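The FAD binding site annotation in Swiss-Prot covers 3-17 and rests on sequence analysis.
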(Lines of atoms letter the chains of each structure in order from A and count residues from 1; the text may use other names and numbers.)
(Lines give C-alpha, C1' and ligand atoms only; values in the text may rest on other atoms or scores of the structure.)
Protein backbone atom coordinates (compact mmCIF):
# COMPACT_ATOMS: atom_id res chain seq x y z
CA UNK A 1 0.00 0.00 0.00
CA UNK A 2 0.91 3.65 -0.38
CA UNK A 3 0.98 5.02 3.15
CA UNK A 4 1.55 8.61 4.23
CA UNK A 5 2.78 9.13 7.78
CA UNK A 6 2.16 12.60 9.18
CA UNK A 7 4.86 13.61 11.65
CA UNK A 8 8.60 12.92 11.84
CA UNK A 9 9.03 12.67 15.59
CA UNK A 10 10.07 9.41 17.21
CA UNK A 11 6.54 7.98 16.86
CA UNK A 12 6.17 8.92 13.19
CA UNK A 13 9.65 7.75 12.20
CA UNK A 14 9.37 4.39 13.96
CA UNK A 15 5.95 3.93 12.33
CA UNK A 16 7.41 4.68 8.90
CA UNK A 17 10.32 2.32 9.48
CA UNK A 18 8.08 -0.58 10.55
CA UNK A 19 5.65 -0.03 7.68
CA UNK A 20 8.45 0.09 5.13
CA UNK A 21 9.96 -3.05 6.63
CA UNK A 22 6.56 -4.71 6.10
CA UNK A 23 6.77 -3.88 2.39
CA UNK A 24 4.71 -0.69 2.09
CA UNK A 25 5.52 2.40 0.04
CA UNK A 26 5.88 5.07 2.72
CA UNK A 27 6.09 8.86 2.64
CA UNK A 28 6.65 10.95 5.79
CA UNK A 29 5.45 14.56 5.87
CA UNK A 30 6.66 17.07 8.47
CA UNK A 31 6.74 20.86 8.70
CA UNK A 32 10.24 20.92 10.19
CA UNK A 33 13.47 20.78 8.12
CA UNK A 34 14.53 17.45 9.68
CA UNK A 35 13.31 14.66 11.95
CA UNK A 36 12.82 14.94 15.72
CA UNK A 37 12.94 18.73 15.99
CA UNK A 38 9.89 19.19 18.21
CA UNK A 39 8.80 17.05 21.19
CA UNK A 40 11.41 14.35 20.43
CA UNK A 41 14.31 16.83 20.44
CA UNK A 42 15.37 17.06 24.10
CA UNK A 43 13.14 14.88 26.26
CA UNK A 44 14.26 13.34 29.54
CA UNK A 45 15.98 10.40 27.82
CA UNK A 46 14.49 7.60 29.89
CA UNK A 47 13.07 4.38 28.47
CA UNK A 48 11.11 3.36 31.53
CA UNK A 49 8.35 0.78 31.09
CA UNK A 50 8.02 0.20 34.81
CA UNK A 51 7.45 3.89 35.49
CA UNK A 52 4.73 4.07 32.86
CA UNK A 53 2.01 5.66 34.97
CA UNK A 54 -0.92 7.95 34.21
CA UNK A 55 -0.84 11.45 35.63
CA UNK A 56 -4.46 10.85 36.61
CA UNK A 57 -4.10 9.08 39.94
CA UNK A 58 -5.83 8.97 43.32
CA UNK A 59 -4.80 11.99 45.34
CA UNK A 60 -3.73 14.09 42.36
CA UNK A 61 -6.60 16.64 42.68
CA UNK A 62 -5.57 17.42 46.28
CA UNK A 63 -1.90 17.52 45.34
CA UNK A 64 -2.65 19.88 42.45
CA UNK A 65 -4.22 22.32 44.89
CA UNK A 66 -1.14 22.20 47.13
CA UNK A 67 1.20 22.58 44.16
CA UNK A 68 -0.50 25.87 43.28
CA UNK A 69 1.39 27.44 46.20
CA UNK A 70 4.78 25.78 45.62
CA UNK A 71 7.69 27.62 44.04
CA UNK A 72 8.99 24.46 42.35
CA UNK A 73 5.64 22.81 41.57
CA UNK A 74 5.73 19.70 39.33
CA UNK A 75 2.34 20.61 37.85
CA UNK A 76 1.12 24.05 36.79
CA UNK A 77 -2.34 24.71 35.35
CA UNK A 78 -2.86 27.97 33.49
CA UNK A 79 -6.63 28.30 32.90
CA UNK A 80 -7.67 29.41 29.43
CA UNK A 81 -10.91 30.14 27.61
CA UNK A 82 -10.49 26.81 25.88
CA UNK A 83 -13.21 24.15 25.76
CA UNK A 84 -10.64 21.47 24.91
CA UNK A 85 -8.69 22.29 28.07
CA UNK A 86 -11.82 22.06 30.21
CA UNK A 87 -12.79 18.70 28.67
CA UNK A 88 -9.27 17.40 29.20
CA UNK A 89 -9.11 18.42 32.86
CA UNK A 90 -12.56 16.98 33.61
CA UNK A 91 -11.57 13.72 31.93
CA UNK A 92 -8.40 13.65 34.03
CA UNK A 93 -10.51 13.96 37.18
CA UNK A 94 -12.72 11.06 36.09
CA UNK A 95 -9.60 8.89 35.79
CA UNK A 96 -8.33 9.65 39.31
CA UNK A 97 -10.10 6.70 40.93
CA UNK A 98 -8.12 3.68 42.21
CA UNK A 99 -9.85 1.36 39.72
CA UNK A 100 -9.16 3.62 36.73
CA UNK A 101 -5.56 4.14 37.81
CA UNK A 102 -4.90 0.40 38.10
CA UNK A 103 -6.47 -0.30 34.71
CA UNK A 104 -4.66 2.55 32.97
CA UNK A 105 -1.27 1.79 34.50
CA UNK A 106 -1.56 -1.90 33.64
CA UNK A 107 -2.34 -1.05 30.02
CA UNK A 108 0.54 1.44 29.84
CA UNK A 109 3.07 -0.97 31.35
CA UNK A 110 1.96 -3.69 28.91
CA UNK A 111 2.64 -1.48 25.89
CA UNK A 112 5.82 -0.01 27.35
CA UNK A 113 7.34 -3.42 28.18
CA UNK A 114 6.57 -4.63 24.68
CA UNK A 115 8.05 -1.46 23.25
CA UNK A 116 11.31 -2.02 25.08
CA UNK A 117 11.53 -5.47 23.49
CA UNK A 118 10.90 -3.92 20.07
CA UNK A 119 13.57 -1.29 20.69
CA UNK A 120 16.02 -4.03 21.65
CA UNK A 121 15.24 -5.70 18.33
CA UNK A 122 15.74 -2.45 16.44
CA UNK A 123 19.05 -1.81 18.16
CA UNK A 124 20.25 -5.31 17.29
CA UNK A 125 19.16 -5.20 13.64
CA UNK A 126 20.21 -1.62 12.87
CA UNK A 127 23.30 -1.11 15.02
CA UNK A 128 22.12 2.39 15.90
CA UNK A 129 24.03 4.17 18.69
CA UNK A 130 22.25 6.86 20.68
CA UNK A 131 24.13 7.22 24.00
CA UNK A 132 22.14 4.26 25.25
CA UNK A 133 22.66 2.61 28.64
CA UNK A 134 21.03 -0.52 30.04
CA UNK A 135 21.64 0.11 33.73
CA UNK A 136 18.17 0.48 35.16
CA UNK A 137 16.45 3.57 36.52
CA UNK A 138 15.90 4.77 40.08
CA UNK A 139 12.80 6.49 41.44
CA UNK A 140 14.05 8.52 44.39
CA UNK A 141 11.85 9.19 47.42
CA UNK A 142 12.68 12.06 49.76
CA UNK A 143 10.12 11.09 52.42
CA UNK A 144 8.71 7.99 54.07
CA UNK A 145 5.27 9.04 52.84
CA UNK A 146 6.44 8.82 49.23
CA UNK A 147 8.04 5.46 49.93
CA UNK A 148 4.83 4.12 51.45
CA UNK A 149 2.78 5.41 48.51
CA UNK A 150 4.90 3.33 46.13
CA UNK A 151 3.16 0.18 47.39
CA UNK A 152 0.35 0.67 44.85
CA UNK A 153 2.79 0.79 41.94
CA UNK A 154 4.76 -2.14 43.28
CA UNK A 155 1.65 -4.32 43.18
CA UNK A 156 1.14 -3.45 39.51
CA UNK A 157 4.81 -4.19 38.76
CA UNK A 158 4.62 -7.50 40.59
CA UNK A 159 1.44 -8.49 38.76
CA UNK A 160 3.06 -7.65 35.44
CA UNK A 161 6.25 -9.56 36.20
CA UNK A 162 8.39 -6.41 36.03
CA UNK A 163 11.69 -6.83 37.93
CA UNK A 164 12.32 -4.23 40.64
CA UNK A 165 14.31 -3.53 43.79
CA UNK A 166 12.96 -1.57 46.77
CA UNK A 167 15.99 0.18 48.26
CA UNK A 168 16.85 2.03 51.43
CA UNK A 169 19.06 5.12 51.31
CA UNK A 170 22.29 3.08 51.27
CA UNK A 171 20.92 0.93 48.46
CA UNK A 172 20.22 4.07 46.44
CA UNK A 173 23.82 5.18 46.91
CA UNK A 174 25.08 1.77 45.81
CA UNK A 175 23.08 2.10 42.58
CA UNK A 176 23.92 5.78 42.07
CA UNK A 177 27.17 6.73 43.88
CA UNK A 178 26.85 10.33 42.70
CA UNK A 179 24.04 10.77 45.24
CA UNK A 180 26.39 10.46 48.23
CA UNK A 181 26.33 14.20 49.01
CA UNK A 182 22.51 14.04 49.18
CA UNK A 183 22.40 11.03 51.54
CA UNK A 184 20.50 12.91 54.26
CA UNK A 185 17.70 13.82 51.83
CA UNK A 186 16.97 10.27 50.67
CA UNK A 187 14.34 8.04 52.30
CA UNK A 188 14.63 5.23 49.78
CA UNK A 189 14.04 4.34 46.18
CA UNK A 190 12.41 2.00 43.69
CA UNK A 191 14.88 0.69 41.13
CA UNK A 192 13.72 -0.92 37.91
CA UNK A 193 16.62 -3.02 36.74
CA UNK A 194 15.29 -3.58 33.23
CA UNK A 195 14.85 0.07 32.29
CA UNK A 196 17.14 1.91 29.90
CA UNK A 197 18.19 5.40 28.84
CA UNK A 198 19.16 7.00 25.55
CA UNK A 199 19.04 10.10 23.39
CA UNK A 200 15.69 10.12 21.58
CA UNK A 201 16.86 12.76 19.09
CA UNK A 202 19.94 10.77 18.05
CA UNK A 203 17.89 7.59 17.72
CA UNK A 204 15.15 9.21 15.65
CA UNK A 205 17.55 10.95 13.31
CA UNK A 206 19.53 7.75 12.85
CA UNK A 207 16.43 5.65 12.19
CA UNK A 208 15.12 8.25 9.75
CA UNK A 209 18.38 7.94 7.82
CA UNK A 210 18.08 4.16 7.69
CA UNK A 211 14.43 4.41 6.66
CA UNK A 212 15.34 6.76 3.84
CA UNK A 213 18.03 4.35 2.67
CA UNK A 214 15.33 1.67 2.67
CA UNK A 215 13.04 3.65 0.38
CA UNK A 216 10.99 5.84 2.72
CA UNK A 217 10.50 9.33 1.27
CA UNK A 218 10.72 12.25 3.69
CA UNK A 219 9.05 15.50 2.73
CA UNK A 220 10.37 18.03 5.21
CA UNK A 221 9.37 21.69 5.34
CA UNK A 222 5.87 20.66 4.34
CA UNK A 223 2.85 21.77 6.35
CA UNK A 224 -0.22 19.55 6.60
CA UNK A 225 -3.43 21.40 5.74
CA UNK A 226 -6.23 18.84 5.61
CA UNK A 227 -7.07 15.21 4.96
CA UNK A 228 -8.47 14.35 1.54
CA UNK A 229 -11.70 12.32 1.70
CA UNK A 230 -13.53 10.71 -1.23
CA UNK A 231 -16.51 8.39 -0.92
CA UNK A 232 -16.21 8.33 2.85
CA UNK A 233 -12.58 7.19 2.74
CA UNK A 234 -9.32 9.05 3.33
CA UNK A 235 -7.41 9.04 0.05
CA UNK A 236 -4.56 11.41 0.79
CA UNK A 237 -3.32 14.58 2.40
CA UNK A 238 -3.36 18.16 1.16
CA UNK A 239 -0.24 20.07 2.16
CA UNK A 240 1.51 23.37 1.56
CA UNK A 241 3.43 21.62 -1.22
CA UNK A 242 0.62 19.81 -2.96
CA UNK A 243 -1.46 16.68 -2.47
CA UNK A 244 -0.05 13.31 -1.46
CA UNK A 245 -2.34 10.44 -2.49
CA UNK A 246 -2.45 7.38 -0.28
CA UNK A 247 -4.24 4.13 0.44
CA UNK A 248 -3.79 4.84 4.15
CA UNK A 249 -2.79 7.82 6.27
CA UNK A 250 -1.20 7.57 9.73
CA UNK A 251 -1.61 10.62 11.97
CA UNK A 252 1.40 10.92 14.29
CA UNK A 253 1.30 14.66 14.86
CA UNK A 254 1.32 14.61 18.63
CA UNK A 255 -0.57 17.52 20.15
CA UNK A 256 -1.60 18.74 16.70
CA UNK A 257 -3.44 15.52 15.82
CA UNK A 258 -6.91 16.52 17.14
CA UNK A 259 -7.19 19.61 14.93
CA UNK A 260 -6.49 17.55 11.81
CA UNK A 261 -9.09 14.85 12.45
CA UNK A 262 -11.79 17.06 13.98
CA UNK A 263 -13.31 18.04 10.59
CA UNK A 264 -13.94 14.33 10.01
CA UNK A 265 -16.17 14.13 13.06
CA UNK A 266 -13.54 12.62 15.35
CA UNK A 267 -12.98 14.10 18.79
CA UNK A 268 -9.52 12.92 19.75
CA UNK A 269 -8.89 13.64 23.47
CA UNK A 270 -5.24 14.64 23.14
CA UNK A 271 -4.12 17.87 24.78
CA UNK A 272 -0.66 19.51 24.94
CA UNK A 273 1.07 19.37 28.31
CA UNK A 274 4.23 21.41 28.30
CA UNK A 275 7.47 19.91 29.59
CA UNK A 276 10.92 21.40 30.06
CA UNK A 277 14.51 20.22 30.04
CA UNK A 278 18.03 21.49 30.44
CA UNK A 279 21.06 19.72 28.98
CA UNK A 280 24.20 20.15 31.07
CA UNK A 281 27.79 19.26 30.08
CA UNK A 282 29.43 16.93 32.62
CA UNK A 283 32.50 18.32 34.39
CA UNK A 284 32.88 15.64 37.08
CA UNK A 285 31.86 12.15 35.95
CA UNK A 286 32.12 10.68 39.47
CA UNK A 287 29.41 13.05 40.70
CA UNK A 288 27.14 12.45 37.70
CA UNK A 289 24.29 9.92 37.53
CA UNK A 290 24.99 6.44 36.20
CA UNK A 291 21.61 6.18 34.51
CA UNK A 292 18.31 7.94 35.30
CA UNK A 293 17.25 9.18 38.71
CA UNK A 294 13.65 10.31 38.98
CA UNK A 295 13.13 12.91 41.71
CA UNK A 296 9.64 11.97 42.91
CA UNK A 297 9.15 15.23 44.80
CA UNK A 298 9.50 17.46 41.75
CA UNK A 299 8.62 14.88 39.04
CA UNK A 300 11.99 15.51 37.39
CA UNK A 301 14.18 12.91 35.66
CA UNK A 302 17.97 13.33 35.72
CA UNK A 303 19.62 11.23 33.02
CA UNK A 304 23.19 10.51 31.93
CA UNK A 305 23.50 10.84 28.13
CA UNK A 306 27.14 10.29 27.21
CA UNK A 307 29.04 13.40 28.29
CA UNK A 308 25.84 15.28 29.16
CA UNK A 309 23.19 15.30 31.86
CA UNK A 310 19.62 15.75 30.67
CA UNK A 311 17.28 17.13 33.35
CA UNK A 312 13.66 17.01 32.27
CA UNK A 313 10.17 17.04 33.64
CA UNK A 314 7.33 19.07 35.11
CA UNK A 315 3.94 19.49 33.52
CA UNK A 316 2.32 22.75 32.53
CA UNK A 317 -1.21 22.83 31.14
CA UNK A 318 -1.03 26.04 29.12
CA UNK A 319 -2.29 25.30 25.63
CA UNK A 320 0.27 25.55 22.83
CA UNK A 321 2.53 28.09 24.55
CA UNK A 322 6.23 27.58 23.75
CA UNK A 323 7.64 30.22 26.09
CA UNK A 324 10.64 29.45 28.30
CA UNK A 325 9.99 30.96 31.76
CA UNK A 326 13.20 31.40 33.80
CA UNK A 327 11.41 29.93 36.84
CA UNK A 328 11.13 26.53 35.11
CA UNK A 329 14.86 26.53 34.36
CA UNK A 330 15.50 27.40 37.99
CA UNK A 331 13.49 24.37 39.15
CA UNK A 332 15.40 21.99 36.88
CA UNK A 333 18.74 23.44 37.95
CA UNK A 334 17.74 23.25 41.61
CA UNK A 335 16.87 19.55 41.38
CA UNK A 336 20.06 18.41 39.66
CA UNK A 337 22.24 20.64 41.84
CA UNK A 338 20.58 19.33 44.99
CA UNK A 339 21.13 15.68 44.10
CA UNK A 340 24.25 15.77 41.89
CA UNK A 341 25.94 19.00 42.91
CA UNK A 342 29.13 19.72 40.97
CA UNK A 343 28.50 17.06 38.32
CA UNK A 344 27.72 19.50 35.51
CA UNK A 345 28.35 23.08 34.46
CA UNK A 346 24.95 24.72 34.83
CA UNK A 347 26.26 27.97 33.36
CA UNK A 348 26.49 26.19 29.99
CA UNK A 349 23.13 24.42 30.17
CA UNK A 350 20.77 24.65 27.19
CA UNK A 351 17.09 25.20 27.98
CA UNK A 352 14.25 23.62 25.96
CA UNK A 353 10.51 23.06 26.03
CA UNK A 354 8.24 20.63 24.22
CA UNK A 355 4.52 19.87 24.04
CA UNK A 356 3.69 16.35 25.16
CA UNK A 357 0.47 14.99 23.62
CA UNK A 358 -1.43 13.71 26.65
CA UNK A 359 -4.59 11.63 26.87
CA UNK A 360 -6.76 11.68 30.02
CA UNK A 361 -5.99 8.04 30.82
CA UNK A 362 -2.28 8.24 29.96
CA UNK A 363 -2.42 5.61 27.21
CA UNK A 364 -1.73 6.58 23.58
CA UNK A 365 -4.29 6.14 20.83
CA UNK A 366 -2.98 3.50 18.43
CA UNK A 367 -5.01 1.88 15.68
CA UNK A 368 -7.79 2.36 13.16
CA UNK A 369 -10.50 5.01 13.25
CA UNK A 370 -14.15 4.89 12.14
CA UNK A 371 -12.94 6.58 8.94
CA UNK A 372 -11.69 4.09 6.35
CA UNK A 373 -8.02 4.53 5.53
CA UNK A 374 -7.28 6.71 8.57
CA UNK A 375 -5.04 5.43 11.35
CA UNK A 376 -3.76 6.99 14.57
CA UNK A 377 -0.51 6.70 16.49
CA UNK A 378 -0.53 9.63 18.87
CA UNK A 379 -1.15 10.75 22.45
CA UNK A 380 1.92 9.17 24.08
CA UNK A 381 2.34 12.02 26.58
CA UNK A 382 5.60 11.84 28.51
CA UNK A 383 6.27 8.31 27.23
CA UNK A 384 6.71 8.76 23.49
CA UNK A 385 10.33 7.60 23.68
CA UNK A 386 9.40 4.66 25.91
CA UNK A 387 6.43 3.50 23.82
CA UNK A 388 7.36 4.46 20.24
CA UNK A 389 8.89 1.21 19.00
CA UNK A 390 6.09 -0.97 20.35
CA UNK A 391 3.34 1.36 19.17
CA UNK A 392 4.82 1.33 15.67
CA UNK A 393 4.97 -2.48 15.61
CA UNK A 394 1.37 -2.77 16.82
CA UNK A 395 0.23 -0.25 14.21
CA UNK A 396 2.02 -2.06 11.39
CA UNK A 397 0.47 -5.37 12.42
CA UNK A 398 -3.03 -3.87 12.54
CA UNK A 399 -2.69 -2.21 9.14
CA UNK A 400 -1.57 -5.51 7.63
CA UNK A 401 -4.39 -7.43 9.30
CA UNK A 402 -2.08 -9.36 11.61
CA UNK A 403 -2.81 -9.94 15.28
CA UNK A 404 -0.30 -7.90 17.33
CA UNK A 405 1.87 -9.76 19.81
CA UNK A 406 0.18 -7.97 22.71
CA UNK A 407 -3.44 -7.15 23.51
CA UNK A 408 -4.27 -4.00 21.53
CA UNK A 409 -8.07 -3.73 21.53
CA UNK A 410 -7.95 -1.19 24.37
CA UNK A 411 -5.36 1.06 22.68
CA UNK A 412 -7.62 2.49 19.98
CA UNK A 413 -9.90 5.49 19.80
CA UNK A 414 -12.86 3.18 20.46
CA UNK A 415 -12.38 3.58 24.20
CA UNK A 416 -13.32 7.25 23.80
CA UNK A 417 -16.16 6.85 21.29
CA UNK A 418 -19.70 6.05 22.39
CA UNK A 419 -21.18 2.93 20.74
CA UNK A 420 -23.82 4.90 18.84
CA UNK A 421 -21.15 7.14 17.30
CA UNK A 422 -19.06 4.18 16.19
CA UNK A 423 -21.93 2.98 14.07
CA UNK A 424 -22.38 6.21 12.13
CA UNK A 425 -21.61 5.87 8.42
CA UNK A 426 -18.51 7.54 6.98
CA UNK A 427 -20.63 9.59 4.55
CA UNK A 428 -21.46 11.90 7.45
CA UNK A 429 -17.89 13.20 7.43
CA UNK A 430 -17.09 16.72 6.32
CA UNK A 431 -13.83 16.69 4.30
CA UNK A 432 -13.92 20.33 3.26
CA UNK A 433 -13.06 22.08 6.52
CA UNK A 434 -9.61 23.45 7.23
CA UNK A 435 -7.86 21.20 9.74
CA UNK A 436 -5.30 23.57 11.16
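Just so it is clear, glycine is given a Cβ too, placed from its N, Cα and C backbone atoms.
Around residue 11 (FAD binding site), the C-beta neighbours below 8 angstroms that are at least 6 residues distant in the chain are 40, 252, 254, 377, 378, 380, 384, 388, 391, 392.
Neighbour density around each Cβ, counted as other Cβ atoms within 10 Å, peaks among the binding-site residues 3, 5, 13 at 5. Every protein chain considered, the tally of other Cβ atoms within 10 Å of the Cβ of residue 7 (FAD binding site) stands at 29.
In this structure, residue 7 (FAD binding site) belongs to neither helix nor strand by DSSP; it is coil. In sequence order, 5, 250, 252, 377, 391, 392, 395, 396 constitute the residues six or more apart from residue 15 (FAD binding site) in its chain with CB-CB distances below 8 Å. Counting every protein chain shown, the Cβ of residue 17 (FAD binding site) has 26 other Cβ atoms within 10 Å.
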